[in-house]
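Chemist: Dropping the structure in here first, questions after.
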């Protein structure tokens, strides 16, 4: 992980310094470091260079998902959401570091902001992922939890859960088969939201899902 990290030595030096701030004693500093990483990781060039899939950044970010401050956890989720859009090997590296398990854990949080941002990160993890990554993600999350998230009391969580489902089925027949279980619970949940959703954005996500 991070084999391309030295290709941009100046940015790498800056990120190394920011990474040290992820473990700062001040929650405000930890939040600021996460926001910095989130902003810089918006660059496709930086993502494609593998600058963020470095142990000095990924592991502290994952550890911040256990932070005692909800603000820090939310900020860390925001940074992770950008980073996991990266390519297949980086997604698998993130999973191998325990990141997936913690995202799934936070997707079940009673705090709606944590649920929302955790599902958002899962959505991006599934974006253009290969079948192995998708299988591991759904296995950890479980179909029953995904159904619960689609039916979440918060419409914004519903929207991200459906966007995750859309990314999950995007691809070949193997991807589509991931959401076809015996009782068609995911299909039924999506169908119910199509008629009952309070936000147009939720209905748009449903219409974009091709499960056929």
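We number each residue from 1, going along the chain as drawn.
Note: Cβ is positioned from N, Cα and C throughout, glycine not excepted.
In case it's useful when we look at the structure, here is the feature table from TrEMBL:
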type	residues	note
REPEAT	98-126	repeat 'ARM'
Chemist: Quick test of the contact rule: Cβ under 8 Å, at least six residues beyond the ends. What residues does that give for the repeat 'ARM' (98-126)?
Modeler: 58, 61-62, 65-66, 70, 73-74, 77-78, 80-82, 84-85, 91, 133-134, 136-137, 140-141, 145, 149, 152-154, 156-157, 160-161, 163-164, 167-168
Chemist: On the DSSP side of things, how many residues of the repeat 'ARM' (98-126) fall into helix, strand and coil, could you say?
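Modeler: Going through the repeat 'ARM' (98-126) residue by residue, I get 23 helix, 0 strand, 6 coil.
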